[in-house]
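If you look up Swiss-Prot, you'll see D145, D147, T149, Y151, E156 marked as Ca(2+) 1 binding site, on the strength of sequence analysis. According to Swiss-Prot, the feature Ca(2+) 3 binding site maps to D360, N362, D364, K366, D371, an assignment based on sequence analysis. Sequence annotations record features per position, and here Swiss-Prot assigns domain 'EF-hand 1' to 132-165. Residues annotated as domain 'EF-hand 2' in Swiss-Prot, with sequence analysis given as evidence: 166-201. Swiss-Prot lists 235-270 with the feature domain 'EF-hand 3', giving sequence analysis as the kind of evidence. The domain 'EF-hand 4' annotation in Swiss-Prot covers 347-382. Sequence annotations record features per position, and here Swiss-Prot assigns region 'C-terminal domain' to 721-772. Annotation comment: Swiss-Prot describes 535-616 as repeat 'Solcar 2'. Per Swiss-Prot, the feature transmembrane segment maps to 442-459, 501-520, 545-558, 591-610, 630-647, 687-706; the stated evidence is similarity to another entry.
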Amino acid sequence: MFANRVRQAQKLYQKRFFSLGNNSTISKQQFKNSSNNNNNKNGGNKNGFYQKAFIATTVALTTTLLTATTLLDDNTNSEKEILKSQRQTFEKYASTTLEGERQMTAEDFLSALTTLESDKQSGEHEILKASLDADKFKVLFQMADVDHTGYISFDEYVMFDELMAKPEAEYFLAFKLFDRDGNGYISKNDFKHVITASLDPSIPFNFDCELVNLYFGDGRTELNYSQFTQLLKDLQQERIKQEFKFHDKYNSGYIPRDKFAKVLGSVKLRKIPDHVRDKLESISELNLLSGHPNEVSYSQFVAANDMLLHIPSYGRVLKAAILKNKKDNINKEEFLTEARSSTSIEITPLEIDLIFHLFDLNKDGKLSISDFEKSTGLNINKIGGGTNYSDSYPSDSHVTIQNSSTTPSPSTPITNTAAAIALNKKHGKTFAQQVLESIENFALGSIAGGIGAAAVYPIDLVKTRMQNQRAVDPAKRLYVNSWDCFKKVVKFEGVRGLYKGILPQMVGVAPEKAIKLTVNDLLRDLFGDKSKGEIYFPLEVLAGGFAGMSQVCVTNPLEIVKIRLQVQSTGPKVSAITIIKELGLAGLYKGAGACLLRDIPFSAIYFPTYAKMKTILANEDGKLGPMDLLLAGAVAGIPAASLVTPADVIKTRLQVKANAGEQTYTGIRDCFQKILKEEGPRALFKGALARVFRSSPQFGVTLVSYELLQKALLPDAEYKPPTNAPITQKDFDVIRGNTNTVQRVIDMESKFGTLHQTRDNNKSSNGGENKN
């Protein structure tokens, strides 16, 4: 129902005004039908080879579909909450009933528009009402009253609210205000009329400038919506350029420093922290030797304008440069070098001079994070990618928050990335401290690995026995399937039989998981882009592959002992010590090649998938709960475990001692060829399902335990999860909830120049108050 309203709104506004874009959506029912159709196609051949061979892949796809369905349900719940809020607001202010349906009058609509989140803000409520003059309200009401009845129905209110929630709402409002005759185009006369009424008449705007002539030609060209939005962007630069010329009375290329600060402060395409705004006039100090101590040159004016547009980007550059140079502060050359290597922003030496002049508080020629944060009010740890940095400023700081992008977008929470975590590391740690930290992480990884292995060990035993079953004749097979194997082990060997060989497993899994997690972390940190908190995907896979390779030298000897203990069912039992003596040092590494073929691809698939799942499951604050981590680990284990099953089967066959009359193998190739010849390709996927059901929860439990143990046992230690993928989860509620329509109008006026100086002009005409 809600989605239908949105689509109706889009169609209505497309027809009435202009195209708002096409949103392609797939309903949940279509999604389910598609899934069912696929299942029906595959269901007719349940006993076929391909289904059995790739059964784990099917499980992985099913899990992916279930995850997608869950995400769709989450979005649906969010939409229901929004609709509920819209209904509550409408019912609160709608005072008229027509034909049995509640309706809003113009006064009701005005009250609804100017309502803030808190009813306690009644003073601001009245200010918003006062700021919405008759002309602007008329435009808004006409936009909402689609059927021209003079009243607003609930459906119309929802449509209007949906439109105002769009990121381009401010452009849309500006377009409607400029389009005086409502024909969907902006003429040069429309443009001149609004701009003339909006700007300060004491600084006339030259409508015969090159910019206006390029857009409107000889005056007969009219602009559609898209063309108009580009004009609004370019208009800002033209305004300040003309204002500079106006204040340059003697054509000297300099203007008074107070006029310089006023002109730059009048443009609302950026955020200007109060500390920076107050220091803009001090830029004139750089001209003491040139004979213009109280003036600012045009080159400085242009450089300062560019600099103010990119303050958050400079914060990222500073952070990356300090990490790269391993120093607490950097000089101009180091800053410029990092800026050119890590950003697409072209920074000039003059801009560098201005940056250090404004932000270098102690004037030592070096810039530190502390200097930057004190000068700007920015929290440098919260600076992420993109152009909207509202959350980078502390809530109690006195910072003028202005849109930093020419395309308006709702503020989104920006969470810490791996680079931000790395930035929090204390510089100058002693070697002993670093060693202690590594030991702590290793110990936690060992304990977590043991917990994960013990939780799923019975499944591992069943998997090993199924893979080792070599008889081709069904009559000679000891186990029909994994479930039959499980039942027979419990029946003939007892519950304790399910845990045969667990001691070597516990001894081996601790260093295995600890080494794997530690190496993966180390390589991700080495390969990653610290300035952005990101890692190139092929390098991410490479890090996982090396992590898997690093564990084999330690775990292969213990695993071969474990496997030989697991396959002992009846008859005389052989101890682990006896097995070790029998094999010798060389024998303990039997099957190591197959082990590498299994573990390297497994880790190369698992760790990037786990990192990606963490980003998907993170909440609006970028945080994950224990169940989120468990699910991320479990889902990542599905493709990783299933796709490397053939290597695991070969490894098991090579490491198990063949009984009398059973086939023996001389190596990986020999084993592979004999299995294909004697048992068929399906034998390469024996135990695939058990492996999936073992590996997925095992690694999920391991990683959850790792992170929870670190929080519980080392709460004051630096938090370092097994994978440090950056989390950038957008919050749907924030996108919808922090938007007030009247505030949109005010922001639009400030941004695009419409009615920008009107309030000051009114004050001047009403008694000359606040002439400054």
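Each Cβ is built from the backbone N, Cα and C atoms, and glycine gets one as well.
Considering only the binding-site residues D145, D147, T149, Y151, D360 (Ca(2+) 3 binding site) has D145 as its nearest partner by CA-CA distance. Confidence across the domain 'EF-hand 4' (347-382), taken as the mean pLDDT and rounded to a whole number, stands at 84.
Listed in chain order, the residues near the Ca(2+) 3 site other than D360, N362, D364, K366, D371 are N329, F356, L361, K363, G365, L367, S368, each with its Cβ within 8 Å of the site Cβ centroid. Nearest to D364 (Ca(2+) 3 binding site) in space, judged by Cα atoms and limited to the binding-site residues D145, D147, T149, is D145. A Cα-Cα distance of 55 Å separates Y151 (Ca(2+) 1 binding site) from D371 (Ca(2+) 3 binding site).
Within the same chain, the residues at least 6 positions away from T149 (Ca(2+) 1 binding site) whose Cβ sits under 8 Å from its Cβ are L98, listed in sequence order. If you measure from the Cα atom of K366 (Ca(2+) 3 binding site) to that of E156 (Ca(2+) 1 binding site), you get 57 Å. Long-range contacts of the transmembrane segment (545-558) within its own chain (CB-CB distance under 8 A, at least 6 residues past either end) are made by residues 504-505, 507-509, 511-512, 515-517, 519-520, 523, 580, 588-589, 591-592, 595-596, 599-604, 607. Same-chain residues at least 6 positions away in sequence with a Cβ under 8 Å from that of D371 (Ca(2+) 3 binding site) are, in sequence order, N329, F359, D360, L361, N362. Panel annotation: around the transmembrane segment (687-706), residues 55-56, 59, 444-445, 447-449, 451-453, 455-456, 459-460, 462-464, 466-467, 482, 513, 517, 602, 606, 610, 626, 629-638, 640-642, 645, 648-649, 721-723 of the same chain, lying at least six beyond its termini, place a Cβ under 8 Å from a Cβ of the stretch. Other residues of the chain with a Cβ within 8 Å of the Cβ centroid of D145, D147, T149, Y151, E156, the Ca(2+) 1 site, are Q103, A144, V146, H148, G150, I152, S153. The Cβ neighbour count for Y151 (Ca(2+) 1 binding site), using a 10 Å radius over every protein chain in view, is 20. Note on D364 (Ca(2+) 3 binding site): other Cβ atoms within 10 Å of its Cβ, all shown chains, come to 12.
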